[in-house]
């Protein structure tokens with residue numbers, strides 16, 4: 001008999017330790033940390049020497065939050081393969097034990113998930129924080145950087161869903177956790193990158209068109 005609540009039930013997790021914190025406690029800490037980052041970035045954006053638009057400020061928040069999630073949350077998971085054994089109540093271990101109720105591939109160390117998260121931790125996370133700097137300073141490469149990052153996030157999320165569906169989509173303990181974690185939280189990494197891709201595409205296209213018009217007038 002399985003000693004864990006995850007699906008599939010025949011998943012073997014030796015010495016599994018259930019969550020020591022309540023679900024509300026885990027979400028409260030997560031929410032508080034996210035709010036502090038959002039508030040801090042909003043304040044810093046307001047003090048920028050440039051007159052940043054609200055959209056730019058929200059983009060700074062997105063890249064800061066997602067970058068820190070990649071580096072800290074996903075970094076912990078990547079380098080802590082036996083987090084499910086944790087008996088100390090470690091916050092990050094508790095977060096992942098809870099999330100695995102919606103996608104047990106994080107407990108079983110599914111190769112597709114390890115690959116996706118490895119790229120996110122090592123490349124996308126640091127580059128996302130660099131995007132915050134690029135927006136704040138109005139760097140010319142800001143839109144190209146954001147487009148590249150959003151494409152990687154969108155591609156990684158697409159693989160995340162497709163690999164689950166191709167293998168039977170049977171990694172959630174129940175429908176509630178399936179929709180709350182796998183669909184809703186996972187879908188966030190499709191929705192926001194898609195919107196950023198569209199915006200950056202329009203900005204870059206407009207800039208190229210402007211340059212073409214200048215060249216046409218010059219010649």
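Note that the numbers count up from 1, one per residue, in the order the chain is shown.
Glycine is treated like the rest: Cβ placed from N, Cα and C.
Annotated features, as they stand in Swiss-Prot:
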{"type": "DOMAIN", "residues": "55-197", "note": "domain 'EXPERA'"}
{"type": "TRANSMEM", "residues": "26-46", "note": "transmembrane segment"}
{"type": "TRANSMEM", "residues": "59-79", "note": "transmembrane segment"}
{"type": "TRANSMEM", "residues": "112-132", "note": "transmembrane segment"}
{"type": "TRANSMEM", "residues": "144-164", "note": "transmembrane segment"}
{"type": "TRANSMEM", "residues": "178-198", "note": "transmembrane segment"}
Over the domain 'EXPERA' (55-197), work out the mean pLDDT and round it to an integer.
97
Non-local residues, at least 6 beyond the ends, that sit with Cβ under 8 Å of the transmembrane segment (178-198):
59, 62, 66, 99, 101-103, 146-147, 149-151, 153-154, 156-158, 160-161, 164, 171-172
Count up the helix, strand and coil residues in the domain 'EXPERA' (55-197) according to DSSP, in that order.
115 helix, 0 strand, 28 coil
